[in-house]
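Pulled from TrEMBL, these are the features on record:
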- CYS416: active site, nucleophile (ACT_SITE)
- CYS416: active site (ACT_SITE)
- GLN291, TYR320, GLU341, ASP389: S-adenosyl-L-methionine binding site (BINDING)
- 9-67: domain 'TRAM' (DOMAIN)
Amino acid sequence: MKKNNQALPVVKNEYYHMTIDDLGIHGEGIGKINGYTLFVDGALPGEKVKVKVIKTKKNYGYGKLIEIVKPSEHRRDPVCPIAKRCGGCQIQHLSYKAQLAYKRKKIVDLLERIGGMKDVVVNETIGMDDPYYYRNKVQFPVGEAMDGGIDIGFYAMRSHQIVTTDTCYIQQPVNGTIIETIKAHMLTYGIPPYSEHRHQGLVRHIVTRISHHTNEIMVGIVINGHKLPHEEELVTSLQQIEQVSGIYVSMNKEKTNVIMGKTIRMLWGQETITDYIGAIAFRISPLSFYQVNPIQTEKLYNMVLAYADLTGEEVVWDAYCGIGTISLFLAKHCKKVLGVEIVPEAIQDAKENARLSGITNAEFHVGKAERVITEQFQDGVKADVIVVDPPRKGCDKELLDTIIAMEPKRVVYVSCDPGTMARDVRVLCDGGYAVREVQGVDMFPHTVHTETICLLKNSKSSDYLYIDN
Ligand code: SAH
């Protein structure tokens with residue numbers, strides 16, 4: 001036993017009874033034994049459980065859930081038989097109502113812990129009526145099975161071990177047929193799956209994206225090479241699946257966790273699928289970002305529109321605009337919208353989408369949001385409202401500084417990581433903004449993730465004074 005463990009109130013490999021008090025940001029149960037914190041995967045707040053201590057550190061340790069002595073009233077049997085092992089859904093064993101409450105609390109806690117903000121108005125999380133089969137995009141890892149066969153499924157929790165499945169309750173059932181078709185092709189022609197460990201083999205991932213409104217499906221095969229053997233035969237097999245409208249390979253020969261390669265090559269069909277958000281049609285290329293939950297996306301964008309509070313006179317920046325979804329959603333409510341995005345293919349899509357919808361007051365720029373908006377500001381371009389929707393790492397400090405210098409009346413911060421949002425919102429608040437309201441939208445039911453929108457107002461702007469809530 002390690003020296004510093006001797007004084008701990010728990011002993012490794014021993015069994016204990018304990019009560020779970022909280023649910024951590026990764027969905028793990030948290031409780032204390034004689035003041036010592038233990039993290040217990042699979043346990044829920046309010047539960048009395050028996051655990052085996054499996055790892056101890058100075059200030060906290062990990063327990064394995066052995067028995068639930070008294071279950072939580074919010075405990076549910078997961079619909080998915082592999083929910084416990086699969087890393088995709090972390091909280092399927094929690095009632096949906098409690099999931100929504102958990103996500104709200106997560107936002108409140110992070111705003112306080114990271115942003116140092118107390119008493120912020122955080123509304124009830126907007127949930128789904130039917131929180132299953134919602135994802136429009138899936139990325140299945142392909143790997144070597146223990147018996148030498150092919151494993152296709154999802155990564156297990158905190159690992160790259162593949163848990164095989166052909167049914168996933170948060171994705172579209174047709175994916176099962178797509179996986180089976182590609183697997184059969186690999187077996188017929190002896191095409192090896194990729195081994196991360198040896199950086200050998202060919203097929204790394206299968207990526208599908210389905211349009212919620214038109215049902216078109218784009219199928220991508222990510223390979224550690226340039227060509228897939230017998231590509232024509234694979235195309236013929238996949239064409240049997242009625243909705244498939246495009247098939248591509250993505251070349252990714254890097255030793256990396258990034259799934260898609262930088263280039264794609266169409267094997268067959270259309271280069272984009274089309275989906276609708278509200279009345280606006282969006283063409284989506286394989287390399288462009290598109291929100292994964294189409295039903296919740298519309299609710300999210302309606303909240304952005306409400307928070308932007310446009311009169312028709314405003315100039316709006318949409319930073320991190322992807323294929324221009326938020327920009328085009330706002331365009332008819334403002335004088336001009338400017339979008340900026342780092343992926344050139346996404347900006348091509350954005351321009352095409354504006355053209356298709358006959359929107360002429362949207363202008364799109366390729367580049368880093370922090371650079372482009374700063375340079376435009378130096379050239380005298382000022383916005384009345386700025387929407388930011390950054391990736392998980394949040395906004396670059398340069399962008400936050402430019403926003404503070406530009407002094408738009410409102411900033412609408414859309415985030416898929418409330419932790420980095422809290423950090424950035426703190427910077428904006430220190431620069432003269434105040435948080436008016438925060439809203440969680442559940443884009444990812446059964447997972448611990450949440451989308452969050454935060455409305456900030458410039459305390460110097462005149463309309464700040466008229467707000468009485
Ligand atoms: N608002 C869009 C996309 C949000 S996802 C939507 O709702 O669909 C975040 C986007 O930011 C991605 O498209 C990503 O490519 C882009 N991105 C990442 N870093 C960036 C940066 N520094 N500047 C501009 N765009 C960036």
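Using N, Cα and C of the backbone, Cβ positions are placed for all residues, glycine too.
These figures come from a predicted structure and were not determined experimentally.
Locations of recorded TrEMBL features on the structure.
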| residue | record | Cβ neighbours (10 Å) |
| --- | --- | --- |
| GLN291 | S-adenosyl-L-methionine binding site | 22 |
| TYR320 | S-adenosyl-L-methionine binding site | 21 |
| GLU341 | S-adenosyl-L-methionine binding site | 28 |
| ASP389 | S-adenosyl-L-methionine binding site | 25 |
| CYS416 | active site, nucleophile | 19 |
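With respect to the residue listed as 'active site, nucleophile', the closest of these binding-site residues in Cα terms is GLN291, chosen from GLN291, TYR320, GLU341. Proximity of the recorded positions GLN291, TYR320, ASP389, CYS416 to ligand 1, judged by a Cβ distance under 6 angstroms to any of its atoms, singles out GLN291, TYR320, ASP389 in sequence order.
In the predicted model, residues of the domain 'TRAM' (9-67) average a pLDDT of 96.
For the recorded S-adenosyl-L-methionine site, residues GLN291, TYR320, GLU341, ASP389 set the reference point as the centre of their Cβ atoms, and the other residues of that chain within 8 Å of it by Cβ are PHE289, ASP318, ALA319, CYS321, GLY322, THR325, ILE326, PRO390, VAL414. Residues GLN291, TYR320, GLU341, ASP389, recorded as contacting S-adenosyl-L-methionine, have a largest CA-CA distance of 15 Å.
Secondary structure from DSSP puts GLU341 (S-adenosyl-L-methionine binding site) in a beta strand.
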